[in-house]
Structure formats: C-alpha cells, structure tokens
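Engineer: Feature list, courtesy of Swiss-Prot:
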- His10: active site, tele-phosphohistidine intermediate (ACT_SITE)
- Glu88: active site, proton donor/acceptor (ACT_SITE)
- 9-16, 22-23, Arg61, 88-91, Lys99, 115-116, 159-160: substrate binding site (BINDING)
- His158: site 'Transition state stabilizer' (SITE)
Amino acid sequence: MTGTLVLVRHGQSDWNLKNLFTGWRDPDLTDLGVQEANAGGKALKDYGIQFDIAFTSDLSRAQKTCGIILDNLGQSGLETIRDQALNERDYGDLSGLNKDDARAKWGEEQVHIWRRSYDIPPPGGESLRDTGARVWPYYLTEILPRVLRGEKVLVAAHGNSLRSLVMVLDKLTKEQILSVNLATGVPMVYKLNADSTVASKDVLGDMSGAH
C-alpha cells in the first residue's frame with residue numbers, strides 16, 4: 001500500500017441554495033457551506049491525517065473549502081495547487097439559470113438528460129465524459145504520482161469533477177456513475193496500492209443527503 005488520496009466536494013454555495021446551475025461561475029459558500037467544510041475538516045482531524053499537499057480548482061468555493069479543512073488540521077500554510085482542470089462541469093447555456101426555469105424552457109426530460117446522461121452535454125457546455133477528459137489526465141500526471149510516492153494528498157473540488165474520478169477509482173460503469181451523488185463537505189479517503197488501484201475507501205460522514 002502506498003499513499004492516501006482524500007476527495008472532498010466543496011460546501012454548499014449560494015447558488016446551490018438558490019437551485020441554480022453553477023458550473024464555472026464563482027459564487028461564495030453559504031454559512032451552511034462553511035459549517036460543512038468545518039465538519040469535513042474536523043472529521044479528517046479525528047481520522048488522524050496530515051496532508052503533504054493539497055489540490056483544488058480555480059473556483060473560490062472549492063478553494064475556501066480547502067482552506068477551511070486545512071485550518072482545522074493546523075495546516076493553513078500547506079502548499080496548495082489551484083488548477084481549472086479540477087473545475088466543475090461547465091453547464092454552458094444553463095449556467096446561472098434556475099433549474100425549474102430551465103425545465104420550463106427546454107422541458108423536464110431534456111434537462112434531465114443534460115444533467116444525468118454520461119455523454120450528452122447541454123448547449124455550449126460539457127457532459128460528464130467531457131469533464132472526465134480534462135480531470136483524469138490531470139490526476140494521472142499531477143496527483144497520482146504523489147500518492148504513489150507515499151504522500152497524503154487532499155483534493156477539494158466539485159460534484160462532477162470528483163464523480164469523474166470516483167467513476168474510475170471505484171470501477172463504475174457509465175450507467176452506475178449516473179446514480180452516484182456526492183454530499184458537500186464529506187471526505188472520501190482512498191488508500192491506493194502500488195499499481196494505483198484502490199486498497200480501501202472510507203467515507204467520513206453521511207452521503208445520504210447528497211444531491
């Protein structure tokens with residue numbers, strides 16, 4: 001067994017609360033989102049982990065979640081790499097729209113297909129497959145080598161960018177990943193083997209409220 005990879009979806013954002021498609025837009029965390037990030041940090045502290053490096057996206061809601069977690073671990077000065085490769089899925093023309101308004105405009109079935117299909121993107125946006133096509137190469141070149149060297153690595157990112165990693169790590173099919181939702185602020189702790197496969201996975205919190 002080699003290193004440890006911890007994946008955390010950012011805490012609730014203003015636009016999560018308002019039921020808006022967010023994508024690459026950059027709303028702040030809500031008060032609840034801050035609480036969720038703190039809860040994730042406390043869970044990791046209780047777990048007894050100290051990180052060697054952190055990765056996060058180009059968006060402030062993930063960066064703030066990352067910072068809050070590290071504060072809870074007494075690691076506020078830890079090297080943190082920010083890269084848009086870890087950004088949320090780009091929702092294109094849906095970005096900034098209320099999900100109910102989008103259903104009224106395009107129809108419930110079409111919006112459901114855009115949200116939950118693996119490879120059909122919304123107009124001007126990305127599918128989950130498209131998101132994985134930028135996230136996975138970044139993971140392979142920048143993140144995985146550190147884990148295989150025995151480092152403990154934190155990745156604070158977004159629902160869909162993390163789902164694209166979970167799909168491969170958990171060996172899920174493109175049909176299975178469609179029913180997987182990640183709760184905000186709940187750490188997933190992966191210990192990897194030397195061949196980069198998963199040796200164990202611990203979820204430090206409740207995923208039942210995921211959306």
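Each Cβ is built from the backbone N, Cα and C atoms, and glycine gets one as well.
How about a rundown of where these features are and what they're close to?
Structural biologist: Annotation for His10 (active site, tele-phosphohistidine intermediate): spatial neighbours Leu29, Gly33, Ala37, Arg61, Ala62, Lys64, Thr65, Ala156, Ala157, His158, Thr184, Gly185, criterion Cβ-Cβ under 8 Å with sequence separation of six or more.
Sequence-distant contacts of Glu88 (active site, proton donor/acceptor), defined by Cβ-Cβ distance under 8 angstroms and a gap of at least six in the same chain, are Thr22, Gly23, Trp24, Ser57, Leu59, Thr131, Ala157, His158, Gly159, Asn160, Ser161.
Lys99 (substrate binding site) counts 14 other C-beta atoms within 10 Å of its own C-beta, drawing on all protein chains shown.
For His158 (site 'Transition state stabilizer'), the count of additional Cβ atoms within 10 Å of its Cβ stands at 28 [all protein chains shown]. For the recorded site, His158 (site 'Transition state stabilizer'), the DSSP three-state label reads coil.
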